[in-house]
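Before any comments, here is the structure.
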Amino acid sequence: MKLTSKSVALIPIIATVATAVVGATLISPPVANAATTLSAAAQQSGRYFGTAVAANKLGDSTYVGILNREFDMVTAENEMKMDATEPNQNQFSYGNADRIVNHARNQGKRVRGHALAWHSQQPGWMQNMSGTALRNAMLNHVTQVATYYRGKIYAWDVVNEAFADGSSGGRRDSNLQRTGNDWIEAAFRAARAADPGAKLCYNDYNTDDWSHAKTQAVYRMVQDFKSRGVPIDCVGLQSHFNPQSPVPSNYQTTLQNFANLGVDVQITELDIEGSGSSQAQNYQRVTQACLAVARCTGITVWGIRDTDSWRASGTPLLFDGSGNKKAAYNSTLDALNAGGGPGPTTTTTTTTTTTSNGPGPGGCTATVSLNQWNEGFVATIKVTAGSSALSGWTVTTTLSNATVTGSWSANRSGNSGTVNWTNVDYNAAVPAGGSTEFGFQGSGNGSGLNPSCAAR
Ligand code: 9MR
């Protein structure tokens with residue numbers, strides 16, 4: 001079949017660039033019409049500002065009032081964990097998780113999923129498993145939960161806290177780790193297959209200081225995953241800080257170095273013990289660090305009021321127990337309003353190409369969304385069926401000045417020049433008018449990919 005291609009749209013999205021404010025002094029809003037809520041302020045640079053939410057507080061009007069007003073991203077604090085969602089093997093329970101997801105979505109907020117696979121908060125039946133039975137049970141859990149929430153989750157913490165503390169630079173021992181070192185990548189592949197639209201994150205704590213062995217170990221894993229095409233889109237830094245574990249001076253360096261691997265970074269569970277102006281300054285520093293890194297896409301605090309916190313005695317959050325804004329709230333809001341760098345997406349290119357007989361019976365279209373940075377890019381290609389269902393597809397791309405370094409959800413021929421991509425088993429069938437996605441990362445310049453699609 002002869003293929004013709006036509007580029008129909010080139011849409012550069014230029015992110016807001018605002019003045020960077022550095023230094024330890026608290027800052028004031030630079031403009032008279034500064035945003036007055038955390039989410040509105042974050043949205044000015046294309047970012048989100050989220051919070052952990054507990055289902056049993058959704059009847060508390062003060063809590064819900066602040067939630068609805070201030071935040072545009074929601075993480076279930078405990079309700080999506082393995083013990084909550086699969087209390088008995090293969091019997092899934094989504095009641096409390098759904099209450100949170102539905103509340104968020106009804107309010108126009110997005111959801112971070114937390115967490116699909118973790119050594120902690122496993123249901124009793126899983127704690128006693130090992131070997132192949134445990135590996136399969138874990139993969140089934142990832143598949144079932146990610147499938148249930150398919151299309152509703154912005155990003156999943158696919159694997160949580162899998163690295164050891166201290167200087168070993170290795171994995172944490174756990175029943176999951178003892179199923180084989182590849183358990184993490186197996187979980188990511190299962191999550192991608194179940195919900196190709198969700199960003200897939202690795203999430204951990206004590207990974208904030210660039211010089212720490214644990215940070216380095218996570219970095220090497222992400223680097224390895226990207227080089228081998230294991231599907232990973234983001235790294236979550238929990239960022240639980242206190243005097244024993246303060247905001248490190250190289251925090252922004254850590255965020256930037258992860259981002260340079262071609263993943264988004266997200267601050268996923270921020271809380272900082274303390275009070276008054278020192279706490280406010282720490283929140284300001286963390287916020288400024290995120291804003292200074294283009295691929296830091298958002299910040300989530302781990303609760304709303306100090307009394308909602310898992311460590312309430314440390315008063316680590318932005319609202320006091322009565323729901324009043326603290327100094328830390330004001331410094332965070334001011335930092336968001338001051339901006340500090342380009343937003344998370346610098347360039348998105350959309351190119352549409354069709355088969356010669358158009359997207360009619362037997363035809364399909366392919367569009368590419370490109371995230372390009374200095375030395376490399378991630379391309380996400382969407383395959384959409386025409387008025388007939390597809391039972392298989394081939395997408396042809398041109399990589400004139402680029403080399404593929406990894407890919408997911410498609411088979412490929414070669415890694416530069418003309419590269420053909422064909423469906424894998426689970427995304428071969430596309431209903432009429434429906435779509436599926438695959439992606440790849442590459443070094444060099446990913447512009448001009450010019451994808452064309454054909455049914456096979
Ligand atoms: O805040 C959560 C608390 O209510 C639970 O009792 C606890 C159980 O492990 O988990 C807390 O959340 C943790 C998160 O899921 C993962 N990172 C550390 C968080 C604080 O412990």
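Here the Cβ of each residue, glycine as well, is placed from N, Cα and C on the backbone.
TrEMBL entries are annotated by machine, without manual review.
Over in TrEMBL, the protein carries these features:
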ACT_SITE  GLU269  active site, nucleophile
COMPBIAS  344-358  compositional bias 'Low complexity'
DOMAIN    32-335  domain 'GH10'
DOMAIN    357-456  domain 'CBM2'
REGION    337-361  region 'Disordered'
SIGNAL    1-34  signal peptide
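Averaged over the domain 'CBM2' (357-456), the predicted model has a pLDDT of 85.
On its own chain, GLU269 (active site, nucleophile) has ALA52, THR75, TYR205, GLY236, GLN238, SER239, HIS240, THR300, VAL301, TRP302 as residues at least 6 apart in sequence with a Cβ closer than 8 Å to its own Cβ.
DSSP assigns GLU269 (active site, nucleophile) to a strand.
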